[in-house]
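Student: Per TrEMBL, the feature domain 'CP-type G' maps to 109-266. Residues or ranges marked as domain 'EngC GTPase' in TrEMBL: 118-264. According to TrEMBL, the feature GTP binding site maps to 157, 158, 159, 160, 208, 209, 210, 211, 212, 213, 214, 215, 216. Residues annotated as Zn(2+) binding site in TrEMBL: 289, 294, 296, 302.
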Ligand SMILES: Nc1nc2c(ncn2[C@@H]2O[C@H](COP(=O)(O)OP(=O)(O)OP(=O)(O)O)[C@@H](O)[C@H]2O)c(=O)[nH]1
Ligand SMILES: [Mg+2]
Ligand SMILES: [Zn+2]
C-alpha cells in the first residue's frame, strides 16, 4: 500500500481503537496482503467487520475456524482478513477479553467460558432505580471489570421515575468507588455526563439485566434509533430480552459503544486475586478468628460472627463474598476439566433459579 493511503488507513483504524499493541503484532508481509478489521457484530455463521471505511460481511466456514485455532472471533476482536476473497487470515491477540460462564450451566450442559467482548476500555454497568437494583449483582459486574482491567462506570437508569434517586447513588457508593451516574436514559441532556468516557477510539461495553435501558442509552447517545428497545413488566421490572445479539456502534464523534443482550445471571470464573482485593476487609477479619481454619459458623472467638453481630460487617456482603468464592472454586476446577458431575448439585444451588439478587 502507498504511504499516503496507508497513513489515511492508520487514522481510520485509530478511530476504531487500533493502537500500538495491535500494530506491533502485524509483520511487513502481512501488511501487504491483509487488512486489519474490527469485528462489530456476530451472526451465527458470519461476522460483520469494519475496516475504518466500510463494513464487510465475512462468512465463518469450517476452514476459517481452523485458521483461528478454534477460537471464534468475538465482537471487538481485531482480525487480519483478505477482503477480496473474504477470508480471515488470523485474529490478533486481544488486549482484554470479557468472558462469563455460558448460560447452559444450570441446564446441565458442558461448563465453558463464553466470550462477551474483546478489547473494551470502559464498562457501563447498567442498573435501574427500582427493585432491579442489587448490590450483590453490581459486585459481580465490578468483579468482571476488575478481572479484565476495564474501567467500570455504574449507570443507574430510570431516575426520572422515582423521587429518591439519590438513595441509589448512596447504595452504589457504599460498595464501590467507581463513578456512579443517575440518568433518564431517554433524555439527551440527562445522559450528557456519560460523554466524559466517550473519547475517540474508546470502546464502551454496556452490560446489565434485560430491560434496564442499555439500548435506550445507546440510542440516546447516538442521537438516533440504532437499536430496538423493549417493554418491561411493571410487576418486577424485568425486560423481555429485546436485544438478542452483540453489536458495536460507531458514534459520530469517535467512540464506539457495544450493546449487549440482557444478562439473566452473570456467572464468572472469578479470579481469587480479584475477590481478595474487592473483599479485603472481610479477609482481614479472617486473621482475627481464633482458629485459622474457622468456618465462621460455630467456632468460638470468630471475628466474622462478631463483626456481623455488631453490624460492622454487612451480612449481604459477607454472603455474596462466600457465594462468589464458591463459584470461583467450582468453575475454575470445572473449566480445567475435572469431573463436571461432581460439581453439578452444588453449582445448581448457587446459580439456578431466579434472577440474581
Ligand atoms: N422512564 C424511563 N424509561 C426508560 C429508561 N431507560 C429505559 N427505559 C425504558 O425501558 C424499556 C427497556 O429499555 P431497553 O433499552 O430496551 O432495555 P435493554 O436493557 O436494552 O433490554 P434488553 O435488550 O432486553 O436487554 C424501554 O421501554 C425504555 O424506553 C429511563 O431512564 N427512564
Ligand atoms: Mg437492548
Ligand atoms: Zn471465623
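Keep in mind that glycine also has a Cβ here, set from the backbone N, Cα and C atoms.
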Student: Cα-Cα, whole number of Å: residue 157 (GTP binding site) versus residue 296 (Zn(2+) binding site)?
Tutor: 38
Student: Can you tell which of 157, 159, 210, 216 has the most other C-beta atoms within 10 Å, given these are the binding-site residues?
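Tutor: Of 157, 159, 210, 216, the one with the most crowded Cβ is 157.
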Student: Determine the binding-site residues, out of 157, 159, 289, 294, 302, lying near ligand 3 in the sense that the CB is under 6 Å from one of its atoms, and give them in sequence order.
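Tutor: With ligand 3 as the reference and 6 Å as the Cβ limit, the list reads 289, 294, 302.
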Student: Spatially speaking, which of the binding-site residues 289, 294, 296, 302 is closest to residue 208 (GTP binding site)? Use C-alpha to C-alpha, please.
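Tutor: Answer for the nearest of the binding-site residues: 296.
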Student: Under DSSP, is residue 302 (Zn(2+) binding site) part of a helix or a strand, or is it coil?
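Tutor: The residue in question, residue 302 (Zn(2+) binding site), is coil (DSSP, three-state).
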Student: Around residue 296 (Zn(2+) binding site), which residues of its chain at least 6 apart sit with Cβ under 8 Å of its Cβ?
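Tutor: The answer is 289, 302, 304, 305.
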Student: Measuring Cα to Cα, how far is residue 216 (GTP binding site) from residue 294 (Zn(2+) binding site) in Å?
Tutor: 48
